[in-house]
Amino acid sequence: MVETMFDLPVEKQIFYAVLGFSWTVYLWEAYLSYRQRRIYRSTTHVPQELGNIMDSETFEKSRLYQLDKSNFSFWSGLYSETEGTLILLLGGIPFLWAVAGTVTARFGFGSEYEITQSLIFLTLATLFSALTGLPWSLYNTFVIEEKHGFNQQTLGFFLKDAVKKFVVTQCILLPVTSLLLYIIKIGGDYFFIYAWLFTLAVSLVLVTIYADYIAPLFDKFTPLPEGELKTDIEAMAKSISFPLTKVYIVEGSKRSSHSNAYFYGFFKNKRIVLFDTLLEDYSPINKTGDLQAEQPENDDTPTEPKAKPKNKKQGCNNPEILAVLGHELGHWKLGHTVKNIVISQMNSFLCFSLFAVLIGRKELFVAFGFDDSQPTLIGLMIIFQFIFSPYNELLSFCLTVLSRRFEFQADAFARSMGKASELYSALIKLNKDNLGFPVADWLFSMWHYSHPPLLERLRALGNIKQD
């Protein structure tokens, strides 16, 4: 008689269901990526409707860049899925927990010091993840990004940055985790409420201090100098009652020539951050290109990292910067930021509530090799990462759809401020600077794109003709 999955013990059913769902998601996303790669390979000429937006040289560069990224994503994704499967099949999680227990015991702590063992386990797990991900990150930065002119880092800078990120992450992760585990241990029947409130407080604190205390550890932030751009930004913020206190330029060019802008802060203390690569007048890449002819041939003074000159100017002019900020401020004015926070916290509360129901189920622990113990940290990992994975995939897709809706609304807000033409040209410039490919498979973009494709955004802005 053939044994079916439903004849297996419940813990085996749980294990194989988690494994099966993980591979189902991987194969689905691999299929979507295959569809998009087919677009990259077959669309070798600029489509007619893009003729006035993108020249053939930039189109070909973006096509090859996105094709390389897609191929890299396929192999890195396959490795990640295979690694995760082997860890589950070979009992990697209980093995690492046992190693953490051995380390704990050597320091004279017994099994009753579960939080201490959990922190050692977490450190070992994140170290393993960092080391196994390092070759992929190196290849992505120094082969793909380098090949297509985006990487601005040296190897020494990259490795120093990686070590710094790991240390800072541990300094935040370990204290937060230890307090969360302690709250769950002593919280009684309503621990899930206290745990949710604690994670809410932590997230709000991190959002508040990130740009002032954490981000400057990695990037240089300087106030935007007095001048026409700063005056115009302050006037625009005032016109919509945005409580702007400071405007910064971040030296993003020391890592990459990709560009970005964002705002942060709570209540009456909002700040705007502009990447130097976004600003035509401030981008070191433009300055390097302009000054290249003036440099003596024998000038080999080392710089770290070293900017690579481009043939074309990078970034946006001041009216286009204002249009981009009009879009970003639209997110604030239309309540998108608050809505995202509310959705995130509702989801967090729901997950902690379900965690409270499931944490006592021994079969969940047995399914992943924990026959004799039920550590809280392992329970969090099993339930949030594995058991909730179908729900997480559905939620992720819904948030992607919502994000695209918010982007259209923010574009419309910028248009209502009279900045449609400038935003139109800014979107085209940013797409060129970042080598975005403007042709997308409908299913791939529906599943993955948190921002609408370029052509859809331009059509929504009203097809304003460019000079």
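Cβ atoms here come from the backbone N, Cα and C positions, even for glycine.
Marked as active site by TrEMBL: Glu328. TrEMBL lists 36-220 with the feature domain 'CAAX prenyl protease 1 N-terminal'. Look at TrEMBL and you will find 288-315 tagged as region 'Disordered'. If you look up TrEMBL, you'll see 14-32, 86-107, 119-139, 166-184, 190-211, 349-370, 376-402 marked as transmembrane segment.
Of all the Cβ atoms in the protein chains shown, 18 others lie within 10 Å of the Cβ of Glu328 (active site). Tertiary neighbourhood of the transmembrane segment (349-370): same-chain residues 10-12, 14-15, 18, 88, 91, 93-94, 97, 191-193, 195-196, 199, 376, 378-380, 382-384, 386-388, selected by CB-CB distance under 8 Å and a gap of 6+ residues from either end. If you look at the transmembrane segment (376-402), the same-chain residues 6 or more away from its ends with a CB under 8 A from one of its CBs are 14, 18, 21-22, 25, 93, 97, 114, 118, 121-122, 177, 181, 184-185, 343, 347, 351, 354-355, 358-359, 364-365, 367-368, 370, 446-450. Non-local neighbours of the transmembrane segment (86-107) in the same chain are 15, 18-19, 113, 116-118, 120-121, 124-125, 128, 368-370, 375, 378, 381; each lies 6+ residues outside the stretch with a CB under 8 Å from one of its CB atoms. Averaged across the domain 'CAAX prenyl protease 1 N-terminal' (36-220), the predicted model reaches a pLDDT of 93.
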